[in-house]
Amino acid sequence: MAFELCHTISVARLEKHKNLFLNYRNLNHFPLELLKDEGLQYLERLYMKRNSLTTLPENLAQKLPNLVELYLHSNNIVFVPEAIGSLVKLQSLDLSNNALEILCPDIGRLKSLRHLRLTNNRLKFLPPEIGKLKELQTLDLSTNHLVSLPEKLYQCQSLQYLTVDRNLLCSIPRQLCQLASLNELSMAGNRLASLPLDLGRSRELQYVYVDNNVQLKGLPSYLYNKVIGCSGCGSPVPLTENKLLSFTSGQLSIHVPAEVKSIGSATDFVLPLQELALRSLHAIFCSFLQDLSCTTPISLPKSLLELLQCPLGHCHRCSQSMFTIVYPKLFPLRETPMAGLHQGRTAVSFVAYCCSTQCLQTFDLLS
């Protein structure tokens, strides 16, 4: 086996191969033949599926500087060294079916990375540096132990496909609604009890899957007429305690995101002073940003600045920005034309989040 491996690598070096297949070789360490002398300067794609690797060499980028694809599916890799960030041409990295518990911040240095697959590992969190992957199009994080997603993920403005099925997520950051290129979002099999108010507002987002989030009972009305998967949602009894606000309509009780401070009703004709102040400040803030001649830096508390940059949501009737209070209106899925598509497999409702009693009274999902 060792002779055959050395021969394969030697031929690849001599003939300047661009692709090298070392799958199913029972390797428990990275082959030294790949790293000796100048390495394989011409190699672009390296496939090492179903081996027993536990880590990667520190000088990988130095010896294989032109790698565009690194396929390490089904190994025993526990950590990835910081040197991974030096693979400046890498476009595709697959570390699925390994034993990763931590993803090093240097992953954010892979400026050319388009596809990152980390399915079936032991990740509990992601470094915020992942937001630096400006070219990233596909991110698959299925079957990990993630309890949250970094807000900075919204900076991956090329991201088209995000999959976080079978994790431990109780919520997702509202900032993800700013992913302008996102076409498909899959969050099945988590612990979601609510979704961001603006989810589905982007026209680019066409496919959303939230199946088997048993406590999830409300879908933002922006998702109506999208392709949605919501089987197994809407448990009739709460399975775990949570501190989310909820509102009741008939026999239905729907949780709202944790950022919502209060819930208005059809009889609340006067907006809270804090909400009015934030809406006025937001208008000034937007005008300030549009004034190209203004060079004065904005000096505001971090939490306030983040809220102005990414409001709680936008009214589903008139698009007014909302910051503390929402006026919700329920449309049970079973009472819409979409009921036939789901055939009783879900008990969710569409929720229109409005900015005032006027919008609440005039919003109609089916018109």
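Numbers here mean position along the shown chain, with the first residue as 1.
Glycine residues also receive a Cβ, built from the backbone N, Cα and C atoms like all the rest.
Per Swiss-Prot, repeat 'LRR 1' is recorded for 16-36. Swiss-Prot lists 42-63 with the feature repeat 'LRR 2'. The repeat 'LRR 3' annotation in Swiss-Prot covers 66-87. According to Swiss-Prot, the feature repeat 'LRR 4' maps to 89-111. Per Swiss-Prot, the feature repeat 'LRR 5' maps to 112-133. Feature annotation from Swiss-Prot assigns repeat 'LRR 6' to 135-156. If you look up Swiss-Prot, you'll see 158-179 marked as repeat 'LRR 7'. According to Swiss-Prot, the repeat 'LRR 8' annotation covers 181-202. Annotated repeat 'LRR 9' per Swiss-Prot: 204-226, in sequence order.
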Which sequence-distant residues neighbour the repeat 'LRR 1' (16-36)? Criterion: at least 6 residues beyond either end, Cβ under 8 Å.
1, 5-6, 8-10, 42-54, 56-57, 59-60, 63-64
Is it possible to list how many residues within the repeat 'LRR 1' (16-36) are helical, extended or coil according to DSSP?
3 helix, 3 strand, 15 coil
